[in-house]
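Before any comments, here is the structure.
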Amino acid sequence: MKLPVRYLIVILTFICTSVCYIERVGFSIGYTVAADGAGVNQSSKGTILSTFYYGYACSQVPGGWAAQRIGGRRVLLLSFLLWSLTCALLPLDPNRVILLVVARLLVGVAQGFIFPSIHTVLAQWVPPHERSRSVSLTTSGMYLGAALGMLLLPTLVKFRGPQSVFLAEAALGASWSLLWFKYAIDPKSTASGVGELVLPINKKMDSHNKKILSAKIPWVKILTSFPVWAIVVNNFTFHYALYVLMNWLPTYFELGLKLSLQDMGSSKMLPYLNMFLFSNIGGVVADYLITRRILSVTKTRKFLNTVGFLVASLALVVIPSFRTSGGAVFCSSVALGFLALGRAGFAVNHMDVAPRYAGIVMGVSNTAGTLAGIVGVDLTGKLLEAAKAANSDLSSPESWRTVFFIPGFLCIFSSFVFLLFSTGERIFD
């Protein structure tokens, strides 16, 4: 069966995001086991876990620029090769702090180029009426990857040790790079006649494309646009909640609820599996509402974003009230699932307002999302260290209330910002 190339591109980018998040969850699991064995305190763990996001933040906007200038396909391949090689060569020793910091910074820089490059590639290949579900499918790979990581990697660590996680991740990264090198191509025309031309395509079109490439990127207009800032604020909130849960849920299960990740079986993957399902549901619903003209693009984005973030805020706030594994898994699943539903609002909006500069706008907003990782992951470690000093351990619900209240409040705030300032109309030529 001959698959249309744009579908193959979307499938490959879906696998790409899956592998990236297996790597992120894998480091959290492997490092947590190694650090706990070495007696590293929670504040120090938070510092190491957040180091990745410093590198990730630094390369978001350069990633969008590089994808715009030399092509998302090439940048994506180079980024994957760099972080895969770093994982393969890194020895996991909690006592070698400087080496860990440098390695995590390097992996962060490399992965920071990935999502702006993906958005540039999708803006080329995917026509507007397929954008919601294509972007939702691609980004849902993050959650499937996180779910698979939570399901499989604790067992790998148990039998092969924490170092085995890095080798497995490097092998996955190398395998995807081979697939992308073999099958990914630049389009010979714009996506189904309606995509945005952002790269040189062939000799006949070179003179026209050079004008596009040499056109000045409207940085001032991008950075002073209220719709862009609505995306930025919601990206910050989404990633604050996601990164806090991704990096600290293992600690919450083990120290807050006194549960073993290995003994929890498949239940620990349910929050991320829920994100995978709800992300795709959001994309299908959004495209249905738009193509059937039930709601405008603007109203569709606002509706899904608001529903997703408000339900997530409630689920986040009540997590510490449930003292069983079932209750905690249910609440975290609802929170992450509805956050993923909200991505059919703000996360696709880059391509609505600035299809030609989708990689640039994605880089700007993802920088904010990455700063959320830096702030949220590190702050959570300090909050828990303070709570441990006050309560003598972390098994009390009070030790965790502030940790989950902060992203819950941010969800409410950012949903109102998106309602007030977002638009589904194109605002950049």
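Any Cβ shown, glycine's included, is placed from N, Cα and C.
The list of residues near the transmembrane segment (6-22) in space but at least 6 beyond its ends in sequence, with Cβ under 8 angstroms from a Cβ of it, reads 76, 80, 111, 114-115, 118, 121-122, 125-126, 130, 134, 137-146, 148-149, 153, 169, 172-173, 176, 179-180, 183-184, 187, 191-192. The feature transmembrane segment is assigned by TrEMBL to 6-22 (among others).
What TrEMBL records for 9-426 is domain 'Major facilitator superfamily (MFS) profile'.
Marked as transmembrane segment by TrEMBL: 75-92 (among others). Beyond the ends of the transmembrane segment (75-92), by six or more residues, the same chain brings 16, 23, 30-31, 34, 63, 66-67, 99-100, 103, 106-107, 109-114, 117-118, 121, 162-163, 165-167, 169-170, 172-174, 176-177, 180-181, 184 to within a C-beta distance below 8 angstroms of the stretch.
Taken from TrEMBL, the feature transmembrane segment applies to 98-123 (among others).
Residues or ranges marked as transmembrane segment by TrEMBL: 135-157 (among others). Beyond its flanks by at least six residues, the transmembrane segment (135-157) meets 10, 13-22, 24-26, 29-30, 33, 118-119, 122, 126, 164-165, 168, 246, 261-262, 266, 268-276, 279-280, 282-284, 286, 336, 340, 343-344, 347-348, 351 of its own chain at Cβ-Cβ distances under 8 Å.
If you look up TrEMBL, you'll see 226-249 (among others) marked as transmembrane segment.
Residues or ranges marked as transmembrane segment by TrEMBL: 269-291 (among others).
Long-range contacts of the transmembrane segment (303-321) within the same chain: residues 234, 237, 241, 256, 278, 282, 285-286, 289, 295, 327-328, 331-332, 334-336, 338-346, 397-398, 400-401, 403-405, 407-409, 411-412, 414-415, 418-419, 422, each at least 6 residues beyond the stretch ends and with a Cβ under 8 Å from a Cβ of the stretch. Among the features that TrEMBL reports, transmembrane segment is placed at 303-321 (among others).
Marked as transmembrane segment by TrEMBL: 327-346 (among others). Residues 132, 135-136, 139-140, 143, 230-231, 234-235, 238, 241-242, 245, 249, 252-253, 257, 267-268, 270-279, 281-283, 285-286, 300-309, 311-312, 315-316, 318-319, 321, 411, 415, 418, 422 of the same chain lie 6 or more positions beyond the ends of the transmembrane segment (327-346) yet place their CB under 8 Å from a CB of it.
Under 8 Å from some Cβ of the transmembrane segment (358-379) lie the Cβ atoms of residues 46-47, 49-50, 52-54, 56-57, 60-65, 67-68, 72, 112, 115-117, 119-120, 122-123, 196, 198, 217, 222-223, 228, 231-233, 235-241, 243-244, 247-248, 350-351, 406-407, all in the same chain and six or more residues away from its ends. Per TrEMBL, the feature transmembrane segment maps to 358-379 (among others).
Marked as transmembrane segment by TrEMBL: 399-421 (among others). Same-chain neighbours of the transmembrane segment (399-421): 226-227, 229-231, 233-234, 236-237, 240-241, 244, 248, 252, 256, 301-302, 305-306, 309-310, 312-314, 316-317, 319-320, 339, 342, 345-346, 376, 379-380, 383-384, 387-388, 390-391, 393, counting only residues six or more beyond its ends whose CB sits under 8 Å from a CB of the stretch.
The list of residues near the transmembrane segment (98-123) in space but at least 6 beyond its ends in sequence, with Cβ under 8 angstroms from a Cβ of it, reads 9-10, 13, 16-17, 20, 23, 27, 31, 48, 51-64, 66-68, 71-73, 75-76, 78-80, 82-83, 86-87, 90-92, 131, 134-135, 138, 184, 191, 195-196, 198-199, 350-351, 355-356, 358-360, 362-363, 366, 370.
When Cβ-Cβ distances below 8 Å are used as the criterion, the transmembrane segment (269-291) is approached by residues 129-137, 139-151, 245, 249, 297, 300-301, 303-304, 308, 329, 332-345, 348 of the same chain, each at least six residues removed from its ends. Counting same-chain residues at least six beyond the ends of the transmembrane segment (226-249), those with a Cβ under 8 angstroms from any Cβ of the stretch are 24-25, 28, 49-50, 53, 146, 268, 271, 305, 309, 312, 316, 332, 335-336, 339, 342-343, 345-347, 349-350, 353-354, 361, 364-366, 368-373, 375-377, 380, 384, 403, 406-407, 410-411, 413-415, 417-418, 420-423, 427.
Mean predicted confidence for the domain 'Major facilitator superfamily (MFS) profile' (9-426): the pLDDT average there is 85.
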